[in-house]
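Student: First the structure, then my questions, so here it is.
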Amino acid sequence: MTLADAQPQALNFECETGNYHTFCPISCVAWLYQKIEDSFFLVIGTKTCGYFLQNAMGVMIFAEPRYAMAELEEGDISAQLNDYNELKRLCEQIKRDRNPSVIVFIGTCTTEIIKMDLEGLAPKLESEIGIPIVVARANGLDYAFTQGEDTVLAAMAQRCPTQAPTAEADKEERNAIQKLMNFGRKQEDVKREESEYVDHPPLVMFGSVPDPIVTQLSLELKHQGIKVSGWLPAKRYTELPVIEEGYYVSGVNPFLSRTATTLMRRRKAKLIGSPFPIGPDGTRAWVEKICSVFNIEPKGLEEREAKIWQSVEDYLQLIRGKSVFFMGDNLLEISLARFLIRCGMTCHEIGIPYMDKRYQAAELDFLVKTCQEMGVPVPTIVEKPDNYNQLQRIHELKPDLVITGMAHANPLEARGISTKWSVEFTFAQIHGFGNTRDILELVTRPLRRNGALKDLGWEKLVEEARV
């Protein structure tokens, strides 16, 4: 082995500033309105935004979902109508029909272009109707659709209480869910559970994940004696976590850099920079990093990770030695690539619409470390990739699997390249130790389909159909 071979490989970043495809960030309404149960989302935009939401959500109007579309008309754009009066009328109707704890205004490209001052209108509307109004500019000017959640959470972070409530009524309201979870349990059991935690500064997690994931990740930290003080967003707006100066915060998704910045600058919180808890390797590194910050010796993580890898060996055999190519869509690419490399795959290229190197620094370091341990080359990271150039590279490299946005899936399949929609990873449960099988189920599905076609002798028919 030469000296050059022994040197650690460095990450190679490129920026093509080309045309790539991703959804509009207003799609964040699809999962956030379900996560925050007492909220109402009002998207202020054109008919195009309405058509997109209607198609993306797939919720019939009879279901009375907790979101609506405020369509801008010619009178709004030409300033013939008064924005304040129109929004006040809509908010009063929302209060009368649904009476939410918070109304979230989602700005769109059009509100940006016509310079609609939503931030200026919101405080006055809020005082008149008596319901908090949060303004989030989750418009198509962002790089990726997942950044819509980032914008909403950054806006909500500024609404988190700065100190714990002192009034009994406020305490009752904020602890309603906790009381429900402890219903039927003896007081001694609750006190004993509290004594299991180590004394450490308060820790708040941020990132919208399904309730089972919240429970799983909180339990993983509880096993190490770490108590999670709260989650942003909470199940209810009235239960937003208290964030005081000096509190520690940790993100569970790679696309929340704006929220992290807001928590550090506005709320003076301390960010724990760690790999994200995606896959057993990422979850272990995430827990270990939090433990190291609180000077806690982690226990049982190595055995837990080994057990998970052993339980998914049947899936690993399908992808070990195969190659993957990320076209870039939802900002989960770095974490997923690192996980798949750990599974035994090689990654040619990681396309990503936007790369915050500070927020993802720990994940990038972990990617390099994983590549070195697995003995594979470090993939090139292409920011704002040009899809035309990517298609040329895919044609040359011929990867076994391409993880891509929906726009390119069918054209690539028609050229004999196996694909997987990246949007599926956004909505699937991929965090924590317990969901490793779910990620591998998604990744291996196209490969298993190809194997089934081959076994049935239909592979030749499929190739003829492509021609």
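In case you wondered, yes, glycine gets a Cβ from its N, Cα and C as well.
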Student: If I go by Swiss-Prot, which of Cys109, Cys160, Cys291 binds [4Fe-4S] cluster at the same site as Cys24, Cys49?
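Tutor: Of Cys109, Cys160, Cys291, Cys109 joins Cys24, Cys49 in the [4Fe-4S] cluster site that Swiss-Prot records.
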Student: Find, among the binding-site residues listed as Cys24, Cys49, Cys109, the one whose Cβ has the highest number of other Cβ atoms within 10 Å in the structure shown.
Tutor: Cys49
Student: Based on DSSP, name the secondary structure state of Cys24 ([4Fe-4S] cluster binding site): helix, strand or coil.
Tutor: coil
Student: For Cys109 ([4Fe-4S] cluster binding site), what is the secondary structure by DSSP, using just helix, strand and coil?
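Tutor: Note: Cys109 ([4Fe-4S] cluster binding site) is helical by DSSP.
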